[in-house]
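Heads up, the thing below is written out as structure tokens.
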């Protein structure tokens, strides 16, 4: 810990730190600067004392601000000194914006939603909607008290499990605005979160229509009672509903302050409910008896205990679909989570208490109304008869009323099965029930009208889908989504025109059930992944209960309306597929990421338990790309045959002092990874810091990979400048090939006539807009950020991913060319396998593969048949085999001379002296070629020259040439001689040349076990 000579601190800085310093602005209620009371530069002695407990140090004590707005792993957080600050020489500098509590003007922010607006009231208001007053008595008549209770308890089971899941998710971190969408998207990720956000916003918009239609239906009934209909019963609902929705829109646009005064609605509903209960115990008047109300009677309760199905909605699940929306208000609080003072406490407590009390009210209402009112009544006082009159059928006969006639024709206008306003008739004072209906429907409609735009606004801000950002723009100090309000209003009006409550409710049920299934699955998935970041403060949940809740929600969806369930799931799948395809640039630390890590870790460990088998061999490549954007052709070549098949790691060795190169390593690592992703190369990027290239590559070969997911092939580019480069770099280059064989790697070396390193072309293009001569094969497209061109390899990560993209031959269709394989020496089959994997790709699929092998002129047919038979056993699909009988012929003199001229600058010219003298002469320059070595390897040297003549003759127009890489004796073949072999072998060839050498172990087999 870096320490400072601490001057005597002010009185307010002595001793231990204050509570507000630890808890931060939002916890303590005032900025820490007020508690500390110290000013000065941000590393002055007094300031350092205030940031700790009187101990003078750059380090700081734990504080809320250090974790607020946390970024990704490894990125500095606001307010905490970096490791460089703690470990480097201390420099005093002025206060920066990163230390907010040191600013004298720092102020604290306060929550927008007043604490006098409990979430429980909001949830209960949204649950107590139109169904409570207008449909629950009718459902009780249809399903009977017993099955109605079952419907209620089934709904409550789903909502309670969902409430527990919401409580767990909402207490696992700070919840912002966006409610349900925010909870699911930040838990499951943008794929499922985005789709459920759209569905839930749409469901809330339709819920506005449902509650508004319920309100309009009540007003229509009042007009009908007084014979004052405007047009007809259906169109009156439409007119009243549209007018009501327009008024609600105006109230919403007026601001959150008015809408937040929901306690008035709550009191009206409580009074109306109490009024109903009082009415059930008041002796029934003759008028009420004519309408079917007789007070609490055991025989009425017994008759209404069992179902009496009637009409098209007369089935259990049809009634369930109508009732279920009345249980969906549990998300009302989560939808305005951004406006709550303390969401982590308010959401669990308010949601669960709201579920409990509303469930009790539903059960009490169903039981009491079913014990007081018969199913059919005429409403006519003339139907009063003496008890026991002949010809009278039904339970009402025992109470002195004959409803037989209308009951048999099913034309009774009153009774539990026919009169939606039965609660108003039973109550002590009917207008209070009407007021309760108005309060419940209008408050629920208003809550949904506010919730839908806020959810949609959060979705728009995340930019997961196109063409919806227009509706996410906020206005005013509270960032109100006015355009979202208008969109919600338009959707609501469209469904209001249906004017049938029983038709709207099932539509909402499916969408809400789909939302609940996703919420429960989010909780289960976050729990089962065992991510250290899953630490909800709310502990009273079960991952298995959440899974059950998700499953039962999906099952109920299909039991309600199977086609609507298919539509809802189809929409989810379509939106999911779109986000998966677009891959938005968001990172929310979702449980999907945790699950991917768990699966990768589990499978990687599982692979380590299984012995390797030839049948499962995959070419896992460590590619020495340097910065990947420098060698796009090498990246594309390896990426083509490893994509969706095997491991590819792009390795980069940063040479130089660690202190100097470490910032470069951190800066460019993310940028290179993004560059690979943008190029659609499925590969990892890694870099190491080393004193020289060879030691860095040795580190990579030993440390790259994980378990069985380790590279077994070293892929690199050909060193074109070996003749003019520093001799030691050539020595290191050849040494790397030897190291690869020492580590049991195969080697794949790519040479292209134009070269692989396009960094010079990129820089020239960025400055002049044209490519240098000879670089026409590279088409570099640069997107300049402003007017400043970016230096390749040292760019900001975002710039690097945006700017440098070069098209290469491996990204083009190859047509009907040939892939020529020169399988001259048996290396285990790697020389065959890599072209075969390339050939399986679409761009190379039309090419014809030709295999060339060496042979003797008098045995050409036998050797060709033997190779054809071997290839058929490998099942590679290669059929064209050519035998080369003239490999050992002497090359043409001019080509021999070219080779001799190639090695002249590297000859020792020792005159065949003894070994000791040669070693002394070669001291300090091991790449020099002695006369003895040149003579000893003369035949092999001429073979490379001759092979080049054969390649020029047969394969000059091929799409790709794959040939076995010659191997030089370690310690017996100087690096310059070996490079001369490679140069002579691949000289002047137009197609890309891949020189491959396996580690002499089989990678192909024709056995089935």
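Just so you know, glycine gets a Cβ as well, placed from its N, Cα and C.
No curator has checked TrEMBL annotations; they are predicted automatically.
Of the given residue ranges 297-315, 316-334, 335-353, TrEMBL assigns the label transmembrane segment to 316-334. Here the transmembrane segment (548-581) has long-range neighbours at 154, 157-158, 161-162, 165, 190-192, 194-196, 198-199, 317-318, 320-321, 324, 464-465, 506-507, 509-511, 513-514, 516-518, 520-521, 524, meaning same-chain residues at least 6 beyond its ends whose C-beta is under 8 angstroms from one of its own.
Stretch with the largest number of CB pairs closer than 8 A to the transmembrane segment (316-334), among 192-216, 354-374, 482-501, 507-528: 507-528. With DSSP states grouped into helix (H, G, I), strand (E, B) and coil, the domain 'SLC12A transporter C-terminal' (631-767) comes out at 68 helix, 28 strand, 41 coil. In the predicted structure, the domain 'SLC12A transporter C-terminal' (631-767) carries a mean pLDDT of 88. Relative to the transmembrane segment (148-172), the listed stretch 507-528 leads the set 237-256, 482-501, 507-528 in CB pairs under 8 A.
For the transmembrane segment (192-216), the partner stretch with the highest count of Cβ pairs under 8 angstroms, out of 237-256, 354-374, 482-501, 507-528, is 482-501. Within the chain carrying the transmembrane segment (507-528), a Cβ under 8 angstroms from the stretch's Cβ atoms is held by residues 158-159, 161-162, 164-166, 168-169, 172, 180, 183-184, 187-188, 192, 196, 199-200, 202-203, 206-207, 210, 320-322, 324-325, 328, 331, 495, 534, 541, 543-544, 546-551, 553-554, 556-557, 560-561, 564-565, 567-569, 572, 591-592, 594-595, all 6 or more beyond its ends. Among residues of the same chain six or more beyond the transmembrane segment (237-256), those with a C-beta under 8 A of the stretch's C-beta atoms are 112-113, 208-209, 212-213, 215-217, 219-220, 230-231, 339, 442, 445-446, 449-450, 476, 478, 480, 482, 485-486, 489, 492-493, 496-497, 499.
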